[in-house]
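Lifted from TrEMBL, the feature list:
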BINDING   10, 11, 12, 13, 14, 15, 127, 172  ATP binding site
BINDING   31, 36, 57, 58, 59, 85, 86, 87, 88, 92, 133, 144  AMP binding site
REGION    30-59  region 'NMP'
Ligand code: ADP
């Protein structure tokens, strides 16, 4: 199964991807996690990305594509993948199609998790306290939501117009949302 997870920051993509990874037995590729690993390692790429991420902006398409190419060159992605955090703009959506085509692949579904704005802000405030991520500070959250509306929402519209979008209600317990996703992508495997 090749899945692309879409949704605003705080919509639960990372949490659900971790569950789906176990369930589908495919790697979870989170561009946010990949970038944070570079920042933590203090690599040249990490040094470049650090400030951009902390203020809530998008890291350059070029860096992202390079990172993704690297990740997809690993054998484990042949079984499938759950892509989380990419694509975040229309250029990245085109780059993803090209990358997959070059590997002779297509994704099976783009799943959008929907959560209303008020709840997003609440969730991110909670995470800021729990995890202390630099980009969960109020100014950065505001910026990330703005970037999402301006750059990532068009990607969702693009997939919708191409009949590739599956919309899933992201409000409810972890378990309830997980079951909705499974039902939407692989009904034969859903439980309950
Ligand atoms: P969230 O979805 O909660 O904002 P992520 O962990 O997915 O968190 O991303 C954190 C930050 O990493 C983003 O705000 C951005 O700066 C950077 N980032 C992640 N994915 C991408 C991407 N595809 N393109 C550009 N920047 C990205």
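Even glycines carry a Cβ here, placed using N, Cα and C.
Sequence features annotated in TrEMBL and their locations in the structure.
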residue : record           : Cβ within 10 Å
12      : ATP binding site : 22
13      : ATP binding site : 26
14      : ATP binding site : 16
15      : ATP binding site : 15
57      : AMP binding site : 16
59      : AMP binding site : 20
86      : AMP binding site : 24
88      : AMP binding site : 20
127     : ATP binding site : 15
133     : AMP binding site : 16
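Listed binding-site residues: 12, 14, 31, 133, 172. Those with a CB atom under 6 Å from ligand 1: 31. Across the residues the record lists as binding ATP (10, 11, 12, 13, 14, 15, 127, 172), the two Cα atoms farthest apart are 17 Å from each other. There are 25 other CB atoms within 10 A of the CB of residue 10 (ATP binding site), with all protein chains counted.
Cα-Cα distances to residue 133 (AMP binding site) place 127 within 10 Å, out of the binding-site residues 11, 13, 127. For residue 172 (ATP binding site), applying a Cβ distance below 8 Å and a minimum sequence separation of six or more within one chain yields 180. Here the region 'NMP' (30-59) has a mean pLDDT of 97 out of 100. Counted over all residue pairs in 31, 36, 57, 58, 59, 85, 86, 87, 88, 92, 133, 144, the record's binders of AMP, the longest Cα to Cα distance measures 25 angstrom. Taking the binding-site residues 11, 31 in turn and counting surrounding C-beta atoms within 10 angstroms, the largest count is reached at 11. Counting residues of the region 'NMP' (30-59) by DSSP class, helix then strand then coil, yields 22 helix, 1 strand, 7 coil. Under DSSP, residue 15 (ATP binding site) is assigned to a helix (H, G or I) in the three-state scheme. Between the alpha carbons (Cα) of residue 127 (ATP binding site) and residue 88 (AMP binding site) lies a span of roughly 21 Å. Across the fold, the C-alpha of residue 10 (ATP binding site) and the C-alpha of residue 88 (AMP binding site) stand 14 Å from each other.
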